[in-house]
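*Asks:* Following this message is one structure expressed as structure tokens.
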Amino acid sequence: MGIRIAVAGASGYAGGELLRLVAGHPEFDLVAATAHSQAGQPVSAVHPQLAGLDLTLAATDPAALADADLVFLALPHGQSAALAASLPPGVKVVDLGADHRLADAAAWQRYYGGPHAGAWTYGLPELPGQRAAIAAADRVAATGCYAVATTLALAPLVAAGAVAPADVVVVAASGTSGAGRAAKAHLLGSEVMGDLSPYKVGAHQHVPEIKQATGATGLSFTPVLAPMPRGILATVTAVPATTSVDPRAVLAEAYADAPFVHVLPEGSWPHTAATLGSNSCHLQATRDVDTGRVIVVSAIDNLGKGAAGQAVQCANLMLGLPETTGLSTFGVTP
Ligand SMILES: NC(=O)C1=CN([C@@H]2O[C@H](COP(=O)(O)OP(=O)(O)OC[C@H]3O[C@@H](n4cnc5c(N)ncnc54)[C@H](OP(=O)(O)O)[C@@H]3O)[C@@H](O)[C@H]2O)C=CC1
Ligand SMILES: CC(=O)N[C@@H](CCC(=O)OP(=O)(O)O)C(=O)O
């Protein structure tokens, strides 16, 4: 018997990707998968890509999860805190939702509403000191999908004093799986295909998370829904604080030992398809020839490094395994 793993919210998009990764992980045994409206269904009826995974979705309650060594929570925002609190203290938890990401209760209230559950260790191993913090933690709050793409692009530049933290602009396009599986009219294929549409303009919930993780103090963030199932492409621009720093060199140095963050060769720009199915983030940076602004482009698979892959990377660290175990750095395009 390997390390016993349970997935709550296993019928959703992030949950399905977690099941795929856990089932293929050399050290993990999948002992439970739970759902809400789909409880009682075989996993393969809900996730046809997992045909052959012989497991039935149980109802999401503490008893279904308490026998695991580690539980992944892939539930709607607001559903994780009470469930996590009712699990035995010895059970490690990685929460993919937002409930425990923010330290600032006022920011939580403003962007999510409802009671603030308090902050857990933030699950982005590539931030300075965070690998060790995650390895020592029993409760980890995995990052938001846009927050991963943006933070990996921006944090080293703020830390190096290369950009002005008060004036950062981000425009980021996401595939529709970023919105979850629950049917939404504006996500129907006939509405999404052939269209690009901004949403939550000027008020996206990942703004406080990105500020907390990067040290940026002023951030304008505009998300765009893109006609594709997976992927995030974030374009981050910022005012240079100095002309003496090469932004690409700062990123290359920051991620020299990071197995999943790839600063691409000069002249090569990230695109989403190259990251799909992987736990990788692709980055490139330059200066705008006209304004001198620093431009960083970042691509991830929102269900990989943006969700399930990141969560498994954190779990590996929490369990004393190499962080790359069971994860791919390579994408599946075309
Ligand atoms: N999609 C993405 O790219 C990312 C998602 N996340 C986060 O992961 C979490 C899951 O997202 P995602 O998979 O996209 O969402 P989905 O809508 O695809 O899945 C939601 C899951 O939660 C279950 N659920 C729904 N309502 C309840 C409830 N009241 N109580 C308990 N369980 C419930 C659903 O069960 P059922 O289907 O049986 O009703 C399903 O298993 C969210 O917090 C999301 O923000 C984080 C990063 C990226
Ligand atoms: C396309 C789309 O609608 N995306 C969602 C991402 C939500 C999400 O997954 O948020 P967390 O990563 O914080 O859990 C949005 O912009 O709200």
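Yeah, the Cβs are placed from backbone N, Cα and C, and that goes for glycine too.
What TrEMBL shows for this protein is this:
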type: DOMAIN; residues: 4-135; note: domain 'Semialdehyde dehydrogenase NAD-binding'
type: ACT_SITE; residues: Cys145; note: active site
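Map the listed features onto the structure and describe their local environment.
*Replies:* Non-local contacts of Cys145 (active site) by the CB criterion (under 8 A, 6+ apart in sequence, same chain) comprise Ser174, Gly178, Ile232, Ile300, Asn302, Gly306, Ala307. According to DSSP, Cys145 (active site) is assigned to a helical segment.
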